[in-house]
Number of protein chains: 2
Amino acid sequence: MNTLFSKDADFARKFDRLVDARRESDSAVVQTVSDILARMHHKGDTALAEYTARFDNYQLTDEDSWRIAPETCRAAFEALDGDLRDALELAASRIRAYHTAQLPQDRDYRDDQGVRLGAKWTAVDAAGLYVPGGRAAYPSSLLMNAIPAQVAGVERLVITTPTPNGAINDLVLAAAHLVGIGEIWRVGGAQAIAALAYGTDHIRPVDVIVGPGNSYVAEAKRQLYGVVGIDMVAGPSEILVIADGKNDPEWIAADLLSQAEHDPSSQSILITDDQGFAQQVEDSVDVQCAMLSTRKVARQSWDDHGMMIVVDDLAEAPALANRLAAEHVELAVDDPEALFAQLRHAGSVFLGRYTPEAIGDYVAGPNHVLPTGRRARFSSGLSVLDFMKRTSFIQLDESSVNAIGPAAVALADVEGLPAHAKSVKVRLK
Amino acid sequence: MNTLFSKDADFARKFDRLVDARRESDSAVVQTVSDILARMHHKGDTALAEYTARFDNYQLTDEDSWRIAPETCRAAFEALDGDLRDALELAASRIRAYHTAQLPQDRDYRDDQGVRLGAKWTAVDAAGLYVPGGRAAYPSSLLMNAIPAQVAGVERLVITTPTPNGAINDLVLAAAHLVGIGEIWRVGGAQAIAALAYGTDHIRPVDVIVGPGNSYVAEAKRQLYGVVGIDMVAGPSEILVIADGKNDPEWIAADLLSQAEHDPSSQSILITDDQGFAQQVEDSVDVQCAMLSTRKVARQSWDDHGMMIVVDDLAEAPALANRLAAEHVELAVDDPEALFAQLRHAGSVFLGRYTPEAIGDYVAGPNHVLPTGRRARFSSGLSVLDFMKRTSFIQLDESSVNAIGPAAVALADVEGLPAHAKSVKVRLK
């Protein structure tokens, strides 16, 4: 963990370095993934079975071995204890409500020159949802990825998930049952993404692929962007907490650790105007971290990437936050509204002292799939729009084509496109 | 040009082949672009000047050589003849009106459990607009790319455009003056995209890059997706005309040629239920094509990629159109509404006999930057949303964190994330 002071002479330079630091791995993955995609494109299921045997030590043989049956998912759901089932149902219903309110409006109007104009939104036909195997398979992620697709109106929703050594994750299956997904393929990695994008004899292709995964999965999605739609390029998680000295240091330390425990490359940053408070938070991080079952990961993340920035005045914070464009921003102050009004670049913002980031991971309703690595400068969290597209439309009649057509002819002529001009001219009186 | 008949026994197979045909070039470009990006990342302006000398035969030396001055653009605008200036102004004002109506609404509400939820939309800070050099530099494209960014509220809008042998395109400069863009850099190709994404000593980085370009430019954007936002992966243009036998064949032939003249790899497809009409259109294509200054390109496109599909009943057309997911779809029938209601996948739709596609290229108002190559299955035309992003926000108080917090704790526990659970638990009563 490092501490910066905004009043120090070299603060700007050090802060620049923080902004520019990349915590994402590179390049070796690129060629491997490219090879897998090419082989999948040509060999389909044959390659898929080979990769699954090699990487997951799992044999795709008879039909039953390829898929997880809906009955298995139902059984997993019914085996949940009551509190957990209630928690999943509360999460699903709140996520559904928030995303339903995102549904875009169609437009259809006639303007003052008699031109009918509009936009019609439709869902994609099919979406693929990647669910990682092992420790990173979170039922909450399944809800966050599947429900927006369903709200958008996607008719076919399919899951791919690796089952290393045949092991399946009952919690994920329970979540799949809860949202009603019946098509689950036991494949993972870049090869699963390729199968979803290109289609194979077993797996029909989809139009959009979403969901978290390791660096091979992320790179496969990046390389297939354009063949299919993808949610986004995802990197390590991050949180920025902006807190005054009136917070309980234990609360803020817990918030910082909740990002740190995700991954050694996660990043937790505190901006405060109270140096003593920063020290108390640091002490509490140490105490709490030691007690976590995730302490190894959390400790490494905090040691390598943790950061405290002490400013003279919290009014400096929004400008710094906009540079960082963090995935999660907590505003733990009495009047979060004033700071929030100045925040332009952030994935999701948690206002006030009673809104820990983790509440947004599970049950608040907004999506927890959010832009990382400063991508909040230009991209948004997952939403129903990622599963929909807009078709614009235009309708002229004899009168309106005469009103605006001549201008189109003039522009087509000057652009050297005579057939464009002709197609308008023939319709003019 | 090929003709298919939907009643033929092998129609399904032949139509599949049409759907799956790719008209986009591959792979040789990938490595070249990757090398250019790497060199640009490390060498910045030095590499940029070298590439510009090599590819454009243009020397970037003193400060004046790097940029096109706003006064040059104003002079180009003032030199336009009056009709053309009016046409550009009509186009700009109609594009601005359509895109202004696209601006998304913020949300901010409290749900029945007392949780405040919402979404705040903001513009990106800076957008780069690529304008090709030479013949493909269209003032209409500049308007279509720049105006949505301005409507979105983007503060810094910058153009890069190659000036091979020092040649500049006055029409594009005039359009830049009309929309008020003052920052224009005389660089192009993959190296210009790299400069916009990474930034150089001369050119500050941007957050989103849009605009058409050759295959190197398109590949550079694809590779830099994630470092910056991009508009989309663009391929050759295409039109699908669905027309009954009551159309004037000359009109429909002109519409088909208006796509064909763009590029040898453009594609024009007619679906009709009248075989005799199809023949008349084909004859008219031949007659009109011979008279076009763009005949060489149009002829090659039509010969290589042109297609007529004769169906028994136009009711078959929407299902075929949805498979093709074309960039442009014309519905040249008496009741376009009935067909339109069944269209799910299309970039833009042109309703009725008086709406040639070219009207949408210039003056109708909707964007002419549209998804190609079947990408209308999952993506949309350029809009103000490409220059904006949404920040979700959440605010709990003592009461609402107690209402929904325990469910978050239960889920965090079962996902093996104890710091997540703790950050909520400490705030519960």
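Every residue gets a Cβ built from N, Cα and C, even glycine.
When the candidates A:His328, A:His345 are compared with the substrate site entry in TrEMBL, which names A:Ser237, A:Gln259, A:His262, A:Asp361, A:Glu415, A:His420, the shared residue is A:His328. In the three-state DSSP reading, A:His328 (substrate binding site) counts as strand.
Ranking the recorded positions A:Glu327, A:Asp361, A:Glu415 by how many other Cβ atoms lie within 10 angstroms of each Cβ puts A:Glu415 at the bottom. Applying an under-8 Å Cβ distance to chain B, the recorded positions A:Tyr130, A:Gln191, A:Asn214, A:Glu327, A:Asp361, A:Glu415 reduce to A:Asp361, A:Glu415. Counting Cβ atoms from all protein chains shown, A:Tyr130 (NAD(+) binding site) has 26 others lying within 10 Å of its own Cβ. Long-range Cβ contacts of A:His262 (substrate binding site) within its own chain (separation 6+, distance under 8 Å): A:Pro236, A:Ser237, A:Val297, A:Ser301. Between the alpha carbons (Cα) of A:Gln259 (substrate binding site) and A:Glu327 (active site, proton acceptor) lies a span of roughly 11 Å.
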